[in-house]
Amino acid sequence: MDERATWATRIGFILAAAGSAVGLGNIWRFPFLTGESGGAAFLVVYLLLVVGVGVPVLLVEFVIGRRSNRNPIGAFERLGHPGWKAAGAVGAIAAFIIFSYYSVVGGWVIQYVVASFTGGYGADAEAFFLSTASGTNAIAYHGLFMTTVAGIVALGIRNGLEKAATVMVPTVVVLLVGLAGYGATLDGAGAAYSYYLAPDLSTIVGDAVSILPAAAGQAFYTLSLGMGIMITYASYIGEDRNLLQDAGVIVVLDTAIALLAGLVVFPFLFTQGIEPGEGGAGSIFISLAGAFQQLPGGEILGGVFFLMLLVAALTSAFSIFEVVVSYVTDTFDVDRVPTAIGMAAVLFVVGIPTAIDLSYLDAYDLFANNILLILSGLLLSIFIGWVYAGEAIEELGKGRTSDGRIEAVWLTTLRYVVPVVLAITLALSVRDYIGFLQESFL
Ligand code: TRP
């Protein structure tokens, strides 16, 4: 096992990890949650959680991965604490559910790319979205997205992931900056910026109970935390790397791209007089397609935007495949290619309900993100904070010179801050989820 592949270059690891983090979560999910949850108030809570919970937990996953050199389930055995495999397993289940519907949303994006370049989205953007998002075509494009991902992952870590990420992440950044610049020239930009960027303390306090689960779920989702992805990626990095620095780069990049996506999406919405958050999971598609339709050069702009979104979605999707493929190939004597194909087939089937009915998509999404990821993060932070602290600190110190201060802050945060915040979040999330199920399915 010790001669597992390592990343060819440092930048390859960062770009692949950033490629996992940056995806539909930044561009589709972040703006629609921000819109649904009150704009700037949500943004503030989300940013606090990224820094106070996301960064420490990302370091936890890096430490576990590099220390154990294993997949997220095998890792705990290797570290001498097999009982904690449960934490890896919760994450694996979350990843599984997330990927099954992520591919469905990826399929919507493919349909939007095709529609953009072949003459638009019809007269009614909302009707177009509904016909895109559910039914036979949604299932077919879900299959196409899944097949593409499995094909690329079957090629292997260096060939597939590293090269793809090296091109894709910078492309996404350049295109978003261009679109945000264009958005700034629109009429609605002023109103959009104040909705999105000017928080009001009383809203934050008043809505804390509803904002917290959504913001925490999003922080985990967007950083690809709580599902073993970062454990797996870090299992391929060498001991000469500075984990802290790599984590910093990834978090800053991921957060910057989400913020940028908001700067793109909200001016387009406001210019059209669309209430942010009105259309749930479809809002970004409906509003942007409507906007692109009316704007000069909108066909090309739309095509470019959705193509970029597809690229970002693919790099995120590779990461979860990598986790499963590495688990199966580490544990059993099976090759990458059959593993990738088998995996794609199972995920395809599991995702089908979400391609038929959007309530299922919400049900999958909320359960995996607001409950399972939070639970997994809670377990991971307790494990490192209370069970594996000494070794974890030593691991974090590798590849850098340190006077131990950052380690001390990290440990205190993991022992006292993260578990408390996540336990409260989990309780709120479970309560919300029961309410959601009663409303949508009973
Ligand atoms: N981080 C990715 C994003 O922001 C989403 C993601 C997280 C993901 N976990 C995943 C995608 C698992 C697929 C599978 O879009």
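Cβ atoms are placed via backbone N, Cα and C, with glycine included.
These features come from TrEMBL:
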type	residues	note
TRANSMEM	7-28	transmembrane segment
TRANSMEM	40-65	transmembrane segment
TRANSMEM	86-110	transmembrane segment
TRANSMEM	139-157	transmembrane segment
TRANSMEM	164-184	transmembrane segment
TRANSMEM	219-237	transmembrane segment
TRANSMEM	249-270	transmembrane segment
TRANSMEM	304-328	transmembrane segment
TRANSMEM	340-361	transmembrane segment
TRANSMEM	367-388	transmembrane segment
TRANSMEM	408-430	transmembrane segment
Two-stretch contact, the transmembrane segment (164-184) and the transmembrane segment (86-110), at least three Cβ pairs under 8 Å: no
Other parts of the chain folded back onto the transmembrane segment (367-388), taken as Cβ under 8 Å at six or more residues beyond its ends: 53, 56-57, 60-61, 63-64, 76, 79, 81, 84, 86-87, 90-91, 93-94, 97-98, 213-214, 216-218, 220-221, 225-227, 411, 414-415, 418-419, 422-423, 425-426, 429-430, 432-433
Candidate ranges 7-28, 40-65, 86-110, 304-328 - greatest C-beta contact count to the transmembrane segment (249-270) (under 8 angstroms): 7-28
Distant-in-sequence neighbours of the transmembrane segment (340-361), which means Cβ under 8 A and at least six residues beyond its ends: 96-97, 99-101, 103-105, 107, 133-135, 138-139, 142-143, 146-147, 149-151, 153-154, 280-282, 321, 324-325, 328, 440-441
Candidate ranges 7-28, 40-65, 304-328, 408-430 - greatest C-beta contact count to the transmembrane segment (139-157) (under 8 angstroms): 304-328
Whether the transmembrane segment (304-328) meets the transmembrane segment (40-65): three or more C-beta pairs under 8 angstroms: no
Positions whose Cβ lies under 8 angstroms from the transmembrane segment (7-28), at least six residues beyond its ends: 102, 105-106, 109, 158, 161-162, 164-166, 168-169, 172, 176, 218, 221-224, 229-230, 233, 236-238, 241, 246, 249-250, 253-254, 257-258, 261, 265, 281, 284-285, 309, 312-313, 315-320
Winner by Cβ pairs under 8 Å against the transmembrane segment (219-237), considering only 40-65, 86-110, 408-430: 40-65
Distant-in-sequence neighbours of the transmembrane segment (408-430), which means Cβ under 8 A and at least six residues beyond its ends: 49, 52-53, 56-57, 59-60, 209, 212-213, 216-217, 366, 370-371, 374-375, 377-378, 381-382, 384-386, 389, 393, 396
Intrachain residues whose Cβ lies under 8 Å of the transmembrane segment (40-65), provided they are six or more past its termini: 33-34, 72, 75-76, 79, 195-200, 203-204, 207-208, 211-212, 214-216, 218-220, 223, 225-226, 228-235, 237, 243-244, 246-248, 250-251, 255, 262, 377, 380-381, 383-384, 392, 395-396, 410, 413-414, 417-418, 421-422
